[in-house]
Amino acid sequence: MAAILARKSLSALRSRQLVLAGHTIEGTNGYNRTLLGTRSFATKHSFSTDKDDEEREQLAKELSKDWNSVFERSINTLFLTEMVRGLMLTLKYFFEKKVTINYPFEKGPLSPRFRGEHALRRYATGEERCIACKLCEAICPAQAITIEAEEREDGSRRTTRYDIDMTKCIYCGFCQEACPVDAIVEGPNFEFATETHEELLYDKEKLLENGDRWETEIAENLRSESLYR
């Protein structure tokens, strides 16, 4: 609609210019000169016709865009369409399965590779797995592990001291990867916050206690990951 009005206004403007030019020439040289002047004026100014058309059409497009934006804003304001779209999205997710977990009463599943609180494991006979090779102590980047060992009567080596400073540990899992007998592992527990620093200094008894508590779960996790180690 705006484009049609623009073209009509342009045609009216051209006609008026031609008429004014014809009247000016007629006053001096008569009717024949009027026609000649009209044709000359039209010929002289014909080069600007295409340019004017382009300008008018561009203006019409801009006006059309402006009116469309005004119309859209008016509709949104009048009928509150944005709020309706938001409510529709809310209703869509209202009936879908909830993804929120009400922690700590609900807990999500943990990966078998989860690295949590440390533990020392035993064999089924009750014998400690650790052979005091000190590979875990050597590989620990945080230097959080301290081991002391001695030789037993049968010639085997066993630890007399196995300490982990949990405030230094970065839970990289290198100790577990380095252990040749799967003695030191990182268990599934992540809720071991304490009120004092001393409670985070784990000794051998504490680590063995953790291993006895989670042995079933730890063994299952190691079994499921055995193909990828």
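Please read every residue number as a count from 1 along the shown chain.
Just so it is clear, glycine is given a Cβ too, placed from its N, Cα and C backbone atoms.
What Swiss-Prot lists as transit peptide is 1-41, and the listing cites experimental evidence.
As annotated by Swiss-Prot, domain '4Fe-4S ferredoxin-type 1' applies to 121-150. Residue counts for the domain '4Fe-4S ferredoxin-type 1' (121-150) under DSSP, helix first, then strand, then coil, are 5 helix, 8 strand, 17 coil.
Cβ neighbours of Cys179 ([4Fe-4S] cluster 1 binding site) (same chain, under 8 Å, six or more residues apart in sequence): Leu135, Cys136, Val185. Feature annotation from Swiss-Prot assigns [4Fe-4S] cluster 1 binding site to Cys130, Cys133, Cys136, Cys179; the stated evidence is similarity to another entry.
If you look up Swiss-Prot, you'll see Cys140, Cys169, Cys172, Cys175 marked as [4Fe-4S] cluster 2 binding site, on the strength of similarity to another entry. Listed in sequence order, His118, Ala142, Ala144 are the same-chain residues at least 6 apart in sequence whose CB falls under 8 Å from the CB of Cys169 ([4Fe-4S] cluster 2 binding site). DSSP classifies Cys169 ([4Fe-4S] cluster 2 binding site) as coil under the three-state reduction.
Swiss-Prot lists 160-189 with the feature domain '4Fe-4S ferredoxin-type 2'. Taking Cβ pairs closer than 8 Å, the domain '4Fe-4S ferredoxin-type 2' (160-189) reaches residues 110, 114-121, 128-131, 133, 135-136, 138-150, 197, 200-204, 207, 210-211, 214, 217-218, 221-222 in its own chain, all 6 or more past its ends.
With Cys130 ([4Fe-4S] cluster 1 binding site) as the anchor, the candidate binding-site residues are Cys140, Cys172, Cys175, and the one with the nearest CA is Cys175. Sequence-distant neighbours of Cys175 ([4Fe-4S] cluster 2 binding site) (same chain, 6+ apart, CB under 8 A from its CB) are His118, Cys136, Ile139, Cys140, Ile145, Ile184, Glu186. When Cβ-Cβ distances below 8 Å are used as the criterion, the domain '4Fe-4S ferredoxin-type 1' (121-150) is approached by residues 156-166, 168-170, 172, 174-185, 208, 211-212, 215, 218 of the same chain, each at least six residues removed from its ends.
Surrounding the centroid of the Cβ atoms of Cys130, Cys133, Cys136, Cys179, where the record places [4Fe-4S] cluster 1, the chain contributes additional residues within 8 Å, namely Ile131, Ala132, Lys134, Leu135, Glu137, Ile147, Cys175, Ala178, Pro180, Val181, Ala183, Ile184. In the three-state DSSP reading, Cys175 ([4Fe-4S] cluster 2 binding site) counts as helix.
Sequence-distant neighbours of Cys133 ([4Fe-4S] cluster 1 binding site): residues of the same chain at least 6 apart with a C-beta under 8 Å from its C-beta are Arg157, Pro180.
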